[in-house]
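Colleague: One structure follows; several queries about it will come next.
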Amino acid sequence: MSPSVRIAPSILSADFARLGEEVRAIDEAGCDWVHVDVMDGHFVPNITIGPMVVKALRPHTTKPMDVHLMISPVDTYLDAFAAAGADILTVHPEAGPHIHRTVQHIKSLGKQAGVVLNPGTPAKMLDYLIDDVDLVLVMSVNPGFGGQSFITNQLRKIEAIRKMIDKSGRDIRLQVDGGIDFETAPQAIAAGADVLVAGTATFKGGPSAYADNIRRLRGG
Ligand code: DX5
Ligand code: ZN
């Protein structure tokens with residue numbers, strides 16, 4: 001059991017016709033954050049939801065809303081997602097021309113800033129960002145879809161970023177997203193991750209299974 005590990009179910013795997021109820025169900029089942037995947041059909045080959053849906057879901061949970069922005073351009077939408085009730089805004093360096101400026105913009109909105117690295121993006125990308133971010137997200141699949149297989153070599157990247165974070169002495173969450181299940185969750189935790197995003201593995205089996213799924217992902 002790892003009490004410090006946070007579980008952030010990705011609502012991409014929820015029943016979209018009952019999203020409010022689904023968010024309430026994962027909240028009651030003991031999730032730590034609610035992970036919202038925002039996709040534009042341009043930066044990634046899928047389209048999901050926008051700030052209106054974040055705003056509509058906000059009253060359904062008191063847990064932090066962790067909004068993963070897979071959109072380009074991204075800067076023009078930060079204010080809208082902040083106003084909609086996001087607590088954490090996570091951005092890809094490839095989604096805009098000036099990632100450092102984007103991080104500062106998020107912080108100026110009073111929100112936590114996350115930077116996300118695609119499987120092909122090196123940890124080195126963080127060298128001059130680590131002093132400013134609240135969260136680093138390592139993608140263990142290529143972004144766009146739920147239900148993909150965990151890319152094992154990302155464990156090495158998690159280990160490298162864990163060292164970088166510890167060296168910084170700052171309070172930074174290290175999150176992993178994609179293909180997290182009961183087998184890969186312990187591997188990601190052992191590599192140094194402390195927040196696990198899980199879509200398929202959380203929502204499998206329907207609402208009566210959510211609490212057990214979350215507990216098992218946490219390592220309990
Ligand atoms: C992928 C998304 C993930 C995805 C995870 O682009 O960022 O959050 O929903 O889904 P699973 O847990 O099913 O791999
Ligand atoms: Zn995500």
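Residue numbers in this text run from 1 along the chain shown.
Just so it is clear, glycine is given a Cβ too, placed from its N, Cα and C backbone atoms.
The annotation active site, proton acceptor is assigned in TrEMBL to ASP37. Per TrEMBL, the feature active site, proton donor maps to ASP177. Taken from TrEMBL, the feature substrate binding site covers SER10, HIS68, GLY144, PHE145, GLY146, GLY147, ASP177, GLY178, GLY179, GLY199, THR200. The divalent metal cation binding site feature in TrEMBL is assigned to HIS35, ASP37, HIS68, ASP177.
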Colleague: Please report the distance from the Cα of GLY146 (substrate binding site) to the Cα of the residue listed as 'active site, proton donor', rounded to the nearest angstrom.
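Modeller: Here the two Cα atoms are 10 Å apart.
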Colleague: With Cβ-Cβ distance below 8 Å and at least 6 positions apart along the chain, what are the contacts of the residue listed as 'active site, proton acceptor'? List them in sequence order.
Modeller: SER10, ILE11, LEU12, THR48, ILE49, HIS68, MET70, GLY146, GLY199
Colleague: Rounded to whole angstrom, what's the largest C-alpha distance between any two of SER10, HIS68, GLY144, PHE145, GLY146, GLY147, ASP177, GLY178, GLY179, GLY199, THR200, listed as binding substrate?
Modeller: 17
Colleague: Select one residue from SER10, THR200: among these binding-site residues, choose the one with the most other Cβ atoms within 10 Å of its Cβ.
Modeller: SER10
Colleague: Round to the nearest Å and give the CA-to-CA distance linking THR200 (substrate binding site) with HIS35 (divalent metal cation binding site).
Modeller: 13
Colleague: Using Cβ atoms only, which residues of the same chain lie under 8 Å from GLY179 (substrate binding site) while being at least 6 residues apart in sequence?
Modeller: SER140, VAL141, GLN148, SER149, PHE150, ILE151
Colleague: Other than its own, how many Cβ atoms are within 10 Å of the Cβ belonging to HIS68 (divalent metal cation binding site)?
Modeller: 27
